[in-house]
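Swiss-Prot lists 46, 47, 48, 63, 87, 108, 115 with the feature S-adenosyl-L-methionine binding site. As annotated by Swiss-Prot, compositional bias 'Basic and acidic residues' applies to 271-282. What Swiss-Prot lists as region 'Disordered' is 269-308.
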């Protein structure tokens, strides 16, 4: 099993540097104020958390990445409680500190900016690094997936999670390449995909969708999102707010369907909120961000759980 770089091997910064997407829109959706407790289920670089704290709210930040946890703890932000774990388990994590209801939940889905910027994590096809892609420091790595899974299973993952129409061609190329030598680095995999991709010249790198698919699979991101939405719905007090930022159609579709089917969440966004042209120009990662928000309302007891 590949070992992800240890967070203890990297210098820690006293200042968190994450630039949050849709910052003003998230604050407006969650309505932070003194006395309100908000869960940031995807703490990351704590960019959104800082804004919520500045508005007077108390924040419980959850992350499974030890590096993110170390950065947040080192910053010693007042009114911030940091918990290690996956946001899909937020009910159990909060119960462990005696919290059963909160006033808001934020989920900023997918890989964080500083995970993308850290070449050693293996999320990017632009820089050479071990093929890892794990947000936590445990579990199956992307290298184990591409070197061990059957061709049909690889094709299914790439098609379903990457929405890649050339999934079979790419899976075949991966299997052929690994018979010659194990695929161990990001650039190695990206080159295999590029050679297999028909008609590629310039533009969006052909490895983008496959890397997305592998990352989603390795971290069970869509399963975590489904579980996290149910957990958030259960934790929110009446009048509490939920805000979810998705970065691709698979995530946004799950959020949309969940909010539409939930008997206890009233949507506050008829359509997903997107970044302004100014923000897109300033922060390219905001280009695909879509924010949906909802408010918890009272509902009769005994209603069935929403399936998404």
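Keep in mind that glycine also has a Cβ here, set from the backbone N, Cα and C atoms.
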Long-range Cβ environment of residue 108 (S-adenosyl-L-methionine binding site), under 8 Å and at least 6 residues apart:
20, 21, 40, 42, 44, 48, 245
Where does residue 108 (S-adenosyl-L-methionine binding site) sit in DSSP terms: helix, strand, or coil?
strand
Residue 87 (S-adenosyl-L-methionine binding site) has how many other Cβ neighbours within 10 Å of its own Cβ?
27
For residue 63 (S-adenosyl-L-methionine binding site), what is the secondary structure state per DSSP, taken as helix, strand or coil?
strand
Please list the DSSP helix, strand and coil residue counts for the compositional bias 'Basic and acidic residues' (271-282).
6 helix, 2 strand, 4 coil
Check the DSSP secondary structure of residue 48 (S-adenosyl-L-methionine binding site), expressed as helix, strand or coil.
helix
